[in-house]
Amino acid sequence: MEESGDLYDVRETNDPSSWEDQHPQCLQDVAKVERLRRKIKYYFMNPCEKYHARGRKPWKLILQIIKIAIITIQLVLFGLSNQMVVTFKDENLMTFKHLFLKDYVDGGIAPYALYRQADVYDHIEYVIQQYRLLHNITLSNHEYEEKHSVYTPLLLCQEFYRNGTIYPSNETFEIDAHVDTECLRVYPQPVHEALPHFKLDFIRLISVKITFVLKAINLQTVRHRELPDCYDFTLIITFNNQAHSGQIKVDLENEVDINECRQWKVTGAYGRSIYLTVLFDCFIIIMCIISFALCTRSVITGIQLQLEYSCYCRKHFSKELSWSDKLEFVNSWYILIIVSDTLTIIGSLLKIAIQTKVLTSYDVCSIFLGTGTMFVWMGVIRYMGYFKKYNILILTLRAAFPNVIRFICCAGIIYLSYCFCGWIVLGPYHEKFRTLNTVSECLFSLINGDDMFPTFKNMQQKNSLVWMFSRVYLYTFVSLFIYMILSLFITLITDTYDTIKQQQQSGTPTSELQRFLSECKDLPNSGAYRLDKNNSCFLNCFNNRCRKYRTQERLTSEA
């Protein structure tokens, strides 16, 4: 370095022309590299630094703050409306159970079941009788379904094996596995007229299903200045005898369809409220579209810079850019905001359709709005990361993510092996192991130390071998996952945190890209970034031509 400096001094003092004039191409390459450094460094600056560097106002930051406020307000308003819908469904389901299931008790531990033939006939007649007297017993505005000014009948269907003779005393049977179905249409009338010759063959009986439709209007939304919806409740009461164990389980299911009422009239401030709500949703859609466009432009800019830097590495170092450095240019926070904006736009459009009664799908709309709002709030962490004392969480999660995924894959295999083993062995003897879903939920609760003693206690002791196996199974699972796997997982995160903390304290660059950017000493308020902003391609070409013209003119005069 010293020799090259001396040589530079000698040439500068002795030669009639300057060193820059003799090596214009070298200077151009150095200038291009410096401009590339500043462009990349400017891309990774926070909004405050960008404002000092080029006077660029933090529009995306301001927009995200506004979005958080208005989207949260939108979610709260929709959540209150959705809560009324869900509450109305649940309360009607409970009402129907008390109306149509004889001697029904809330929260019973034992299943609602029947054990005598007379009880089955009695309960079927009770359902039909309650259906006939609906107008006299209901406290709500429930009404029968009408088609062409005629009430839709109740449908009473029984499923049974086509033929069958069973003699348990002789241990012989003959059964035809084909299932036949017989249905009766029952209109609101006395039971003896509706079922004059109704008989059940309990030997062949599989199930009895009673199906009917009731209508209602949710009037509570009027108080919140929302147009009431019309509900169709399809009730299915099932008497299940598939096991043929002497116990017929009775269950009531409620399928709900929400429709727009055909004719309605609401006086007051209803129209103005809907107009303002739809206008507010349209404003949110516009803000999300602007945010989507700005973040998409930033992502495209990052990809362009990544391509320029890749060309620089291939040209000067003859090597390809690593994937970790390539991913540095793809800002995951912008991707998160783009996904959030997309979900919010779709959810807002569905909400407008619900408000105007074009659609009534509250559940789909709530999924889009809820997920979009969650991502919006998660995006705030990006701006917290601009402060060195607050970005430790982001850096730790990003650095530990690859190792965490590998660790979870290995631990997940062990977890699945315990799930399958517990389901097949303990399923018949423990209610928490009856299905794979409940097994997974139970084991995950054990990892978190929840519901541990009841899981041990509720194991049936009818089979001593299975009971002993359950103890070995549960003790090994708890010991393996809580004391070993979970501890190793925490250690993995802790080691990553310590590594990130040491890197922050030392300040040494950890990647090729960071080392490349560390050579740029221009501060945001130095003014160098403003020159890069104003230095267009046309001006670069014009300056290069002027410089060549001056060089040729000087050489001509000297000759």
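Cβ atoms here come from the backbone N, Cα and C positions, even for glycine.
Annotation source TrEMBL lists domain 'Mucolipin extracytosolic' at 85-262.
As a summary of secondary structure, the domain 'Polycystin cation channel PKD1/PKD2' (358-500) carries 116 helix, 0 strand, 27 coil according to DSSP. What TrEMBL records for 358-500 is domain 'Polycystin cation channel PKD1/PKD2'.
Taken from TrEMBL, the feature region 'Disordered' covers 1-22.
Residues of the same chain lying 6 or more positions beyond the ends of the transmembrane segment (61-80) and with a Cβ under 8 Å from any Cβ of it are 47, 224, 277, 280-281, 283-284, 287-288, 290-291, 294, 337, 344, 348, 351, 365-366, 369-370, 372-373, 376-377, 379-380, 383. What TrEMBL lists as transmembrane segment is 61-80 (among others).
As annotated by TrEMBL, transmembrane segment applies to 274-300 (among others).
If you look up TrEMBL, you'll see 333-352 (among others) marked as transmembrane segment. Long-range contacts of the transmembrane segment (333-352) within the same chain: residues 64, 71, 74, 78, 278, 281-282, 284-285, 288-289, 291-292, 295-296, 298-299, 302, 359, 361, 364-365, 367-369, 371-373, 375-376, 378-379, 382, each at least 6 residues beyond the stretch ends and with a Cβ under 8 Å from a Cβ of the stretch.
Taken from TrEMBL, the feature transmembrane segment covers 364-384 (among others). Distant neighbours of the transmembrane segment (364-384): 46-47, 61, 64, 67-68, 71-72, 74-75, 78-79, 82, 333, 336-337, 339-344, 346-348, 350-351, 354, 390-391, 393-394; these residues of the same chain sit at least 6 beyond its ends, with a Cβ under 8 Å from one of its Cβ atoms.
According to TrEMBL, the transmembrane segment annotation covers 404-426 (among others). Within its own chain, the transmembrane segment (404-426) has Cβ neighbours under 8 Å at 433, 435-436, 439-440, 442-443, 459, 466, 469-470, 473, 477, 480-481, 485, 488-489, 492-493, counting only residues six or more beyond its boundaries.
Through the fold, the transmembrane segment (472-493) approaches residues 396, 400, 403-404, 407, 411, 414-415, 418, 421-422, 425-426, 443, 446-447, 449, 452, 455-456 of its own chain, all at least 6 residues removed from its boundaries and within a Cβ separation under 8 Å. Annotation comment: TrEMBL describes 472-493 (among others) as transmembrane segment.
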Stretch-averaged pLDDT - the domain 'Mucolipin extracytosolic' (85-262): 87
Intrachain neighbours beyond the transmembrane segment (274-300), with Cβ under 8 angstroms and 6 or more residues off its ends: 59-60, 63-64, 66-67, 70-71, 74, 77, 225-227, 330-331, 334-335, 337-338, 341-342, 344-345, 348-349, 351-352, 355-356
